[in-house]
There are 2 protein chains.
Amino acid sequence: MYSFKTEQGKIFHQLAHWTIRLVPLSFVTGSLVALFLWLLDWATHTRWQHLWLLFLLPLAGMLIWALYHYFGRDAEAGNNLVMDEIHEPGGGVPARMTPLVLLGTIITHLFGGSAGREGTAVQMGGSIADIFAKWYRLKKEDRSVLLMCGMAAGFGAVFGTPVAGALFAMEVLFIGRIKYHALIPCLISAVLADIVCSSYGIIHTHYTIHTKIAQTVTTWIPGFSFDLLLLLKVIGAGIAFGLAGMAFARCTHLLKRGWTRLIPAKWLIPVAGGIVIIGGCYALGNFDYLGLGVVNPNGHNSIVSAFTTGGVDAWSWLWKLLFTAVTLSAGFKGGEVTPLFFIGAALGNTIAVLSGAPADLFAGLGFIAVFAAATNTPVACMVMGVELFGGENILYFAVACFTAYYFSGHSGIYKAQRIAVPKIHRK
Amino acid sequence: MYSFKTEQGKIFHQLAHWTIRLVPLSFVTGSLVALFLWLLDWATHTRWQHLWLLFLLPLAGMLIWALYHYFGRDAEAGNNLVMDEIHEPGGGVPARMTPLVLLGTIITHLFGGSAGREGTAVQMGGSIADIFAKWYRLKKEDRSVLLMCGMAAGFGAVFGTPVAGALFAMEVLFIGRIKYHALIPCLISAVLADIVCSSYGIIHTHYTIHTKIAQTVTTWIPGFSFDLLLLLKVIGAGIAFGLAGMAFARCTHLLKRGWTRLIPAKWLIPVAGGIVIIGGCYALGNFDYLGLGVVNPNGHNSIVSAFTTGGVDAWSWLWKLLFTAVTLSAGFKGGEVTPLFFIGAALGNTIAVLSGAPADLFAGLGFIAVFAAATNTPVACMVMGVELFGGENILYFAVACFTAYYFSGHSGIYKAQRIAVPKIHRK
């Protein structure tokens, strides 16, 4: 028999404790993410108005290299450093990571690098959390939880998906396992940070899947309305999304090693990366694969346009994959997730055209599933699908994300991720 | 570097293997669940038409006792036996569990016991899975996965919520942890079983939350639309749901011990339980708390009516809790989950009335959160909320389920559940 007073009392005490700890963390992280999103918007619009900024990308890369070289070498490891500190608390996440990654990301996007934004948000959240952990004088275990809360806050606020943010922070540390020791703290911080971020007037891009599956179904048994053919197409697409996620992770890792081998002077690597990006734009004859790619001034080849039939070219997903792998491997900042959304949505669109499936649904599936594959976080991505696109298609979200997760193998974009349960059981 | 051919080849091989294994299991489980739901519907309607059947409840209880006593004593442990076999494969789940629990549940519902249906579905799935495991000659580890698939198939089919079914089977075994080794097999079997069950024309009850939160919001910052007061009410309700889930679990366990202590002759326990139920009905002056409680012929005090303002009495949740605890502790069959839905929805309705919150939303939150608390499966219940009520309110689903999970402590309705990560970290 448990003592009611003791057990529930302890739980209440613990909850109150964490809430008090997390309010300032969430407030600061949410505010910083709002500032970041506002700056990012400014950088993106400025680049659209002044296309010549792209030619300064190699110089911008050198500037980012110099920033990290002179002011924060230990912050270079980014997301992996935050994750390593959660696994095994060590030297801590440096406070300077916040200004560095914020500045680095804005520079990357202003001059046309193809990168994301979640890395920035997660790193800001992580480094702010570590400042608070020192102030609170937390023990090792509680410090880990607080760092996870920082990640959850950053992720939840930057995409406006607090539940996915909380699950992401718990799911990303290990392949194949979620532990619930940080369940409530992560949810509190992600929800609060999202509220704070929204309160500054930040409005997240709205995506819509118009296709209603129930209406497109051909029923052959009375009263039975399930589209088995569509399910098979989703499974096939899920395999493709998994392989795309894996291809992105491997491509980035390979290119990173390639640069280091080919170019001995480290400061020259971002310069070379910038030149490759410029060359790529002229080879393709457009600027569609620069920046975040959420929207595009010409209305074509963007995440939003991928939700409409004919909204992206057949190979858009591959170009975005290559542009992003070059950008990030060369040392530019921002993270991988928004480009992964682009790659997935574009690939989904292409698969929909090829297989005669609804383009908006498959764009949405790719959006979350390639991300699930590259980061090994299928449950968080399924929930993100619900938060972004609504819940009617949760079955397809689950099938696509779980299948993609399964087929991406054990390579992911985060080297600090550990394997708890391998995906292959039989030899 | 991973070898693409080997790793992805193995994954594909493993997937194909499991799919072939799971098709017959899902087909049989889905078909049995359809038969069960059809019989259950028949039993419920028959009881409504012939209210005198209630007076035979004590005799019916004796019949169920005799069935288990003479034909399947080892099947008595029910859900806990299936879970124990997954934890540590031993004597196996007996095949006779399927006809016994099916018959026991139909008898319980025909004569007016207050019970659920998920226990029956999960036990049928588990015992069918064990038959297949023996046919396939599976090793220990694969047999565990197949049993989990049986649970997922039963749960997914009986409620028409395949994604929640798959997550439930993975989440229920341990408090505080999900391991992904059965992710894909559980999803395959839950989805297939649900398709099979639906193909017989089974239509699940449809619940709707009409309240659109965005419309009820009072904004005090331009562009900011978040109802902070509502969030606080949801947290408060989540705590109440958690305590209700805990109260149900403890009440059932306590009553079970109470019966054994008071009544030495085991066959007399269900007789006494039946008499208490009949007495309860006459004390309250209604038959609202018998059976599943999904709908009620008088349109009042049911799960469906709890979604409307004034649809349930203020103490409905407590009566259903007591009726169910008496029914199940006395040896009647069926499971706890649908009564937990009732308790939660009714309590949510009461809290909504008291706090001035939308009744349909709070009924929906209670529906999933009391279940999350009593079974310690917050993520599966959140997903179930999305599958049943749609995705717009996923944030409130998460807050309610996670809070309720947290506050229910470590007692749950399943004794075979193990603790992986305790909910209290500080002493």
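Any Cβ shown, glycine's included, is placed from N, Cα and C.
Residues or ranges marked as transmembrane segment by TrEMBL: A:20-40 (among others). Long-range Cβ contacts of the transmembrane segment (A:20-40) within its own chain (Cβ-Cβ under 8 Å, at least 6 residues beyond either end) map to 98, 102, 105-106, 109, 117, 120-121, 124-125, 128-129, 132, 136, 146, 149-150, 153-154, 157-158, 185, 188-189, 192-197, 199-200, 202, 292.
Summarising the annotation, TrEMBL assigns transmembrane segment to A:52-71 (among others).
For A:145-170 (among others), the entry in TrEMBL reads transmembrane segment. Outside the transmembrane segment (A:145-170), and at least 6 residues removed from its termini, the chain residues within Cβ reach (under 8 Å) are 21-22, 25-26, 29-30, 33-34, 36-37, 82, 85-86, 93, 117-118, 120-130, 132-133, 136, 138, 178-183, 185-194, 196-198, 202, 204, 337, 375, 377, 379-381, 383-384, 387-388.
Taken from TrEMBL, the feature transmembrane segment covers A:182-203 (among others).
Packing against the transmembrane segment (A:223-246) from elsewhere in the chain are residues 213-214, 216-217, 317, 321, 340, 343-344, 347-348, 351, 355, 357, 362, 365-366, 369-375, 396, 399-409, 411: each is 6 or more residues past its ends and has a CB under 8 Å from a CB in it. Marked as transmembrane segment by TrEMBL: A:223-246 (among others).
The transmembrane segment annotation in TrEMBL covers A:267-285 (among others).
Within the chain carrying the transmembrane segment (A:314-332), a Cβ under 8 angstroms from the stretch's Cβ atoms is held by residues 61, 64-65, 68, 104, 108, 113-116, 244, 247-248, 251-253, 255-256, 258-259, 269-270, 272-274, 276-277, 280, 284, 288-290, 293, 301, 306, 339, 342-344, 346-347, 349-350, 353, 366, all 6 or more beyond its ends. Summarising the annotation, TrEMBL assigns transmembrane segment to A:314-332 (among others).
Here the transmembrane segment (A:341-374) has Cβ contacts under 8 Å with residues 207-211, 213, 216, 230, 233-234, 236-238, 240-246, 248-249, 293, 301-303, 306-317, 320-321, 324, 380-382, 384-385, 388-389, 393, 396-397, 400-405, 407-408, 412-413 of the same chain, all six or more residues outside its ends. According to TrEMBL, the feature transmembrane segment maps to A:341-374 (among others).
Residues or ranges marked as transmembrane segment in TrEMBL: A:394-414 (among others).
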